[in-house]
Each structure stands twice: as structure tokens, then as C-alpha cells.
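**Q** Have a look at this one before I ask anything.
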Amino acid sequence: MKSRFITFEGIDGAGKSSQIAAAVALIESRGLSVVQTREPGGTPLAEKLRALLLHDAMHLETEAMLMFAARREHLAAVIEPALAGGRWVVSDRFTDATYAYQVGGRGLDEARFAALEQWVHPHLQPDLTLLFDLDPIEAARRLAGTGDAPDRFEREQADFFERVRNAYLRRAAADPARIKIIDAAQTPEAIRREVEGIVLETCFQ
Ligand SMILES: Nc1ncnc2c1ncn2[C@@H]1O[C@H](COP(=O)(O)OP(=O)(O)O)[C@@H](O)[C@H]1O
Ligand SMILES: Cc1cn([C@H]2C[C@H](O)[C@@H](COP(=O)(O)OP(=O)(O)O)O2)c(=O)[nH]c1=O
């Protein structure tokens, strides 16, 4: 069976991290080998860039370029070799997050985003993207419940996450065959069933 590249997206607190393990377990239960990874990060160097991105203030274009620098490393060291070797890749975020957060949330020029995407991965796109869609007020309530110290993105206000959410939905509308929208207000159990159904339907046909 052809290897697949699956990504999980959504605003902070939408509940995607909680569901990734279940999706990976489902794929592995079919006897397939899966690499579970995340962005920004996924390699030692990209994890160092992640620490800068999540905690240090910087110019918006620096932020966008560092996201793509981390991605370049991640593609070269992890994603491309895994797919070439027949392994599946499941990533917590990829380029749709840069569109949503840097273009939608922060106002990065769309042409600059498109140029970086074209530079870093002109041909590769995920085979399937699961977009966890949730009201930012509910997402903030969930995050507050974790008790974790918020990072530079999680400290943003609801209007920022409303722009991020809308940018994700625009990107999904532009590519409905790839990006499947999940109503993340459902119970974890209902979401797990929906995620499994979509993965089985789109990747195992
Ligand atoms: N469907 C859900 N309903 C209610 N709470 C949820 C749901 N999914 C996740 N949570 C809780 O919300 C918080 C954020 O979830 P998480 O998976 O870390 O979100 P994300 O990775 O999208 O930022 C966690 O405390 C988690 O237990
Ligand atoms: C990949 C990526 C992430 N981000 C942001 C979104 C998140 O707020 C943050 C880290 O993502 P994430 O790993 O989902 O955070 P956490 O583990 O705290 O749930 O980086 C961007 O702004 N642009 C990007 O291209």
C-alpha cells in the first residue's frame, strides 16, 4: 500500500493532540509503519527553532521564515525519507498552520507565504488533513483547564484565534478533497470515531 502523509490542524486547544495517538494506533493496527511527528519541530535542529518560535518575540517575517526553515529540515530529515521508505507520516501541524497563524492571524502577505511554500515544498502536500474546528472561546476554556503555562501563541486573544480559525476554513474551502473539517465541539469519543472513519475512507480505499 502507498505510504500516506496525514496532518492534524486547528487552533490551540481544539483537541487535536488528544486524537493523534488514536489515529496512529489505527494505522499501525493494519500492520503499517508510522512516523508520528510535529511542527514546528520533529528534528533536533527544528526543535531548537521551535523553542525560539514559541518563546522569543520576533518580526512577523522572521517568524514565517523560521517556520519554513524548521519545515525544510523536517522534510529533509524525517518526512521525505519516511515516505520514500514506505512508512506513513502523521504530523501535528504542517504548512496549513503557517497560512492560518502567520497569514490569517498575524497578517503576513499572502504572496510571501505562497513563495515560501513553493520554495520549501513545491510538489508535496499532505494526502489528508484533519482540521479540528472549534469556537475560540471554548478552545481557551479547554486550554485554561490544562494548567500549563501558555506560550507566545497561546497568549493571543480570542480575535486572533477567530482570524486563525477563518483562515483555516478558507484553506479548507480551497482544497476540500484534502482538508476534512471535524466539529471539535463533540465528545472525544465521537471525534475519535469520526477521525477513524475519515482515515479508513480516504486512505484505505
Ligand atoms: N473533545 C473534547 N472535549 C472536551 N475537552 C477536550 C476535548 N478534546 C481535548 N480536550 C481537552 O482540551 C485540552 C486541549 O486538548 P489538546 O488535545 O491538547 O489540544 P490541541 O493539541 O489542539 O492544542 C486538553 O485538556 C484536553 O483534555
Ligand atoms: C507549524 C506552525 C505552528 N504555529 C504555532 C501554532 C501553535 O500555537 C504553536 C505550536 O503548536 P502546537 O505543537 O500545536 O502547540 P502545543 O503543543 O502547545 O499544543 O505554533 C504557527 O504559528 N505556524 C506554523 O507554521
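Using the three backbone atoms N, Cα and C, a Cβ is placed for every residue, glycine included.
What TrEMBL says about a protein is an automatic prediction, not a curated fact.
Annotated domain 'Thymidylate kinase-like' per TrEMBL: 8-194, in sequence order. Here TrEMBL flags G10, I11, D12, G13, A14, G15, K16, S17 as ATP binding site.
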**Q** Can you check which residues sit near A14 (ATP binding site), meaning Cβ under 8 Å from its Cβ, same chain, 6 or more apart in sequence, and list them in order?
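**A** Looking at Cβ-Cβ distances below 8 Å from A14 (ATP binding site), excluding near sequence neighbours, one finds F132, D133, L134, A139, A184.
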**Q** Relative to ligand 2, which of the binding-site residues D12, G13, K16 have a Cβ found under 6 Å from one of its atoms?
**A** D12
**Q** Determine the most Cβ-crowded residue among the binding-site residues G10, I11, K16, S17, using a 10 Å radius around each Cβ and all protein chains in the structure.
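**A** Compared across G10, I11, K16, S17, the most Cβ atoms within 10 Å surround I11.
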**Q** Looking at the binding-site residues I11, D12, G15, K16, S17, which have a C-beta within less than 6 Å of some atom in ligand 1?
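**A** The qualifying binding-site residues are D12, G15, K16, S17.
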**Q** Within 10 Å of the Cβ of G13 (ATP binding site), how many other Cβ atoms are there?
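**A** Around G13 (ATP binding site), other Cβ atoms within 10 Å: 23.
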**Q** Check the domain 'Thymidylate kinase-like' (8-194) for me and report the mean pLDDT.
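**A** On average, pLDDT over the domain 'Thymidylate kinase-like' (8-194) sits at 97.
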**Q** Does D12 (ATP binding site) have same-chain partners at least 6 apart in sequence with Cβ under 8 Å from its own Cβ, and which are they?
**A** A139, L143, F153, E154, F161
**Q** Please list, in sequence order, every residue of the chain apart from G10, I11, D12, G13, A14, G15, K16, S17 whose Cβ lies within 8 Å of the Cβ centroid of the ATP site.
**A** F132, L134, A139, R142, A184
**Q** For S17 (ATP binding site), which of the three DSSP-derived states applies: helix, strand, or coil?
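**A** Helix, per DSSP.
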**Q** I'd like the number of other C-beta atoms within 10 A of the C-beta of G15 (ATP binding site), please.
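**A** If we count other Cβ atoms within 10 Å of G15 (ATP binding site), we arrive at 19.
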